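Taken from Swiss-Prot as is:
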- 13-19, 41-43, Arg306, 332-334, 415-417: GTP binding site (BINDING)
- Asp14, Glu15, Gly16, Lys17, Asn39, Ala40, Gly41, His42, Thr130, Arg144, Gln225, Thr240, Arg304: IMP binding site (BINDING)
- Asp14, Gly41: Mg(2+) binding site (BINDING)
- Asp14: active site, proton acceptor (ACT_SITE)
- His42: active site, proton donor (ACT_SITE)
- Ala300, Val301, Thr302, Gly303, Arg304, Pro305, Arg306: substrate binding site (BINDING)
Amino acid sequence: MGKSVAILGAQWGDEGKGKIVDLLTDRVKYVVRYQGGHNAGHTLIINGEKTVLRLIPSGILRENVTCLIGNGVVLSPAALMQEMGELESRGINVRDRLKISEACPLILPYHVAMDHAREAALGKNKIGTTGRGIGPAYEDKVSRRGLRVSDLFNREAFAEKLKTILEYYNFQLVHYYKVEPVDYQKTLDDVFAVADIITGMVADITTLLHKARANGDNILFEGAQGTMLDIDHGTYPFVTSSNTTAGGIATGSGFGPRNLDYVLGIIKAYCTRVGSGPFTTELFDEVGAEIARKGNEFGAVTGRPRRCGWFDAVAVRRAIQINSISGFCMTKLDVLDGFEELKICVAYKLQNGEIVEYSPLAAANWEGVEPIYETLPGWKENTFRVTKLEDLPQNAINYIKRIEEVLGVPVDILSTGPDRVETMILRDPFAA
């Protein structure tokens, strides 16, 4: 019987999901993206060669794996073509191994223009989006006016729909935001230039997945961003526009929740966040700067510096609840080498004095929240590229064990470097 495993971020994204997806894809036949778009960069380092994937599932680097893009993903034709070109220039066969749901909403230039215009208008109150049109594309989906991959099969109808949608967008862009309109003919020509390539990869993703399960094939679901950025369960409104949690798998691919065997939550040994929004354990001192420097904490897609802080067990407990997490993979343990002491946030003190062990949902309720820390001794020894648990410093082992105790969920995989070989699999999700 095949196993279906989900890999998703249990913090604010950038936890190192891409590496772990790539690591485990030698066990699977299918890797599935089910939400988000090209706003999340998954960085893979294999034999020293760096690859950043934004839209195509990380399994594309394994030649026997078929990659699926489910209906929950918003698809930018321009981003897809760019990424395909980069991979194909390296001899990687993409077109025969990538399948796309015809129900994927399309991201087009007017979505990007609206994203930029809104962020500029918000000024210091901006959400901190990547500016790639993700939010506006999801808005079109919910309002039922969006163009989808299926519309590419009827070009005449597509052209008419595009005309109507652009009238709506350009009116706002010109008259409210005072920016240039998006050109209809160029948008149409650019989409039609690549339409045949995209439609040639269309498949019934839901049926394909259920047949794979019936055949006993292993399936891996690749989440983007992180739990605390979920549109419903994250620090709203400082969130992304999709369901980044395990529930998004069912809605974003048509693969029912009872079919999921294991949920692997990815956590850094500390915490980071990109953009605006609450971050209780954020460090503003030299320790935070040192973590950022050692961890090379800059966004894979945007290049923006990430905010850094101590490990927040309160936020991760919320992620455990929402996702039914089976086990964790802890990444970047080596970044904590050399610190005299380390801290774990085990509870929050709210503004009214109440002590809570689970994070608030709305961003407004994080106002004035204070972290309650446990302090543990650090270690001077090197953990970088260590691949046996017994070879780790005792204080590093103690740190991991304390996090397991605080969370009540085991660390099943440990990453001590960026390359796929710099990993300890303590319990294999596909064998669990």
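Cβ atoms are placed via backbone N, Cα and C, with glycine included.
Locations of recorded Swiss-Prot features on the structure.
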| residue | record | contacts (Cβ under 8 Å, 6+ apart) |
| --- | --- | --- |
| Gly13 | GTP binding site | Ala40, Ala224, Gln225, Gly226, Leu229, Thr244, Arg273, Val274 |
| Gly16 | GTP binding site | Ile266, Lys268, Cys329, Thr331, Lys332, Ser415 |
| Arg304 | IMP binding site | Val274, Gly275, Phe298 |
| Pro305 | substrate binding site | Ala292, Glu297, Phe298, Gly299 |
| Arg306 | substrate binding site | Asp14, Thr272, Arg273, Val274, Ala292, Glu297, Phe298, Gly299 |
Q | Rounded Cα-Cα span from Gly41 (IMP binding site) to Gly303 (substrate binding site), Å | A | 10
Q: Sort the binding-site residues Asn39, Gly41, Thr130 by C-alpha distance from Lys19 (GTP binding site) and give me just the closest.
A: Gly41
Q. Where does Thr130 (IMP binding site) sit in the DSSP three-state scheme?
A. coil
Q | Cβ-Cβ distance under 8 Å to Thr416 (GTP binding site), same chain, at least six residues away | A | Leu333, Asp334, Thr383, Phe384, Arg385, Val386, Thr387, Glu422, Thr423, Met424
Q) C-alpha of Thr43 (GTP binding site) to C-alpha of Thr130 (IMP binding site): distance in Å? A) 17
Q) Including all protein chains shown, what's the count of other C-beta atoms within 10 A of the C-beta of Thr130 (IMP binding site)? A) 22
Q. Out of these binding-site residues, Asp14, Asn39, Leu333, which one has the fewest other C-beta atoms within 10 Å of its own C-beta?
A. Leu333
